[in-house]
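A short write-up of the structure that comes next.
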Amino acid sequence: MKISIGLGKEGVEERLAERGVSRRDFLKFCTAIAVTMGMGPAFAPEVARALMGPRRPSVVYLHNAECTGCSESVLRAFEPYIDTLILDTLSLDYHETIMAAAGDAAEAALEQAVNSPHGFIAVVEGGIPTAANGIYGKVANHTMLDICSRILPKAQAVIAYGTCATFGGVQAAKPNPTGAKGVNDALKHLGVKAINIAGCPPNPYNLVGTIVYYLKNKAAPELDSLNRPTMFFGQTVHEQCPRLPHFDAGEFAPSFESEEARKGWCLYELGCKGPVTMNNCPKIKFNQTNWPVDAGHPCIGCSEPDFWDAMTPFYQN
């Protein structure tokens with residue numbers, strides 16, 4: 001079976017117009033990505049140029065040990081909605097959850113994508129089980145460890161999407177019987193150096209922003225010591241939090257049902273991990289609408305290594 005990889009009309013603008021998406025809406029999306037990247041609205045035309053080539057970027061999305069919450073974060077996104085993102089902006093050539101193909105046809109699509117002369121970007125969701133030669137996780141009778149070991153070294157760029165893929169996440173919580181690891185820990189012997197987009201779930205704008213940066217610069221963005229892009233993970237949640245003035249004033253909510261909590265006082269005494277968590281949640285929010293602290297819940301430190309072990313109990317500081 002021959003499957004079209006990364007092809008379309010002249011460019012993304014024409015494909016979007018055919019689907020009723022205006023240039024204005026497309027530039028609005030590009031502006032949101034530019035702001036997420038810390039470049040400001042003036043950078044939106046550069047984002048547009050990176051996405052408007054005649055060939056859409058081919059993306060291979062692999063699933064390992066996970067709950068599919070990271071995929072849900074993309075599927076629930078708007079501006080653009082997921083159909084616009086995967087049909088007109090990117091060429092998502094393999095994604096087990098949403099692809100139409102199944103069985104042998106799905107495997108054929110994967111093989112064609114990873115062997116395309118035009119190359120591909122790999123996005124990985126979920127921790128990689130490594131114990132007992134990876135026997136705890138299989139797809140199409142191949143261990144997830146074997147699949148990632150075979151495919152990821154071929155990719156032009158590898159993006160570990162979500163805390164399970166970056167640091168092991170809940171899959172690696174003690175006692176971790178499956179030996180689950182993040183991509184870089186599991187495959188460092190193969191020279192794989194994934195860009196880590198941490199979060200449980202991660203923000204889809206951080207994923208698209210990373211892809212845009214790579215398309216424009218043909219290189220990974222500046223990374224911190226944990227391989228996270230500093231344009232998204234360069235500050236703590238605490239430093240960007242709208243409740244920071246209350247922290248500085250020593251005004252802490254004593255309980256969730258208190259009047260102080262309703263007034264927006266700091267949630268540090270209720271377990272907020274914002275001071276030790278690097279992420280841009282207060283800046284971009286989810287769907288540019290809300291994020292946990294604005295909704296009255298403490299940050300649980302989900303974008304940090306070992307957060308299921310190191311950050312619990314969640315409601316103690």
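Every residue gets a Cβ built from N, Cα and C, even glycine.
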Checklist entry - Say Swiss-Prot lists H238, C241, C272 as binding [4Fe-4S] cluster 2: which of C266, C302 is in the same site, per that record? => result C266
Next on the checklist: Just to be sure I read the record right: C299, C302 are listed as binding [3Fe-4S] cluster in Swiss-Prot. Which of C164, C281 is listed for the same site?
Outcome noted: C281
Checklist outcome for this item: Whole-Å Cα distance, C302 ([3Fe-4S] cluster binding site) to C241 ([4Fe-4S] cluster 2 binding site), is 16
Checklist entry - Counting only residues 6+ apart in the same chain, whose Cβ is under 8 Å from the Cβ of C299 ([3Fe-4S] cluster binding site)? => result V237, L267, C272, K273, G274, T277, C281, P292, V293
Checklist entry - Other than C281, C299, C302, which residues of the chain come within 8 Å of the [3Fe-4S] cluster site, judged by Cβ distance to the Cβ centroid of those residues? => result G199, V237, K273, G274, T277, N279, W291, P292, V293, I300, G301, S303
Checklist entry - Residues with Cβ closer than 8 Å to the Cβ of C241 ([4Fe-4S] cluster 2 binding site), same chain and 6+ apart in sequence? => result F247, G274, P282, V293
Item to check | C164 ([4Fe-4S] cluster 1 binding site) CB neighbourhood, other CB atoms within 10 A | outcome: 30
Checklist outcome for this item: Its Cβ having more other Cβ atoms within 10 Å than any other among the binding-site residues C266, C272, the winner is C272
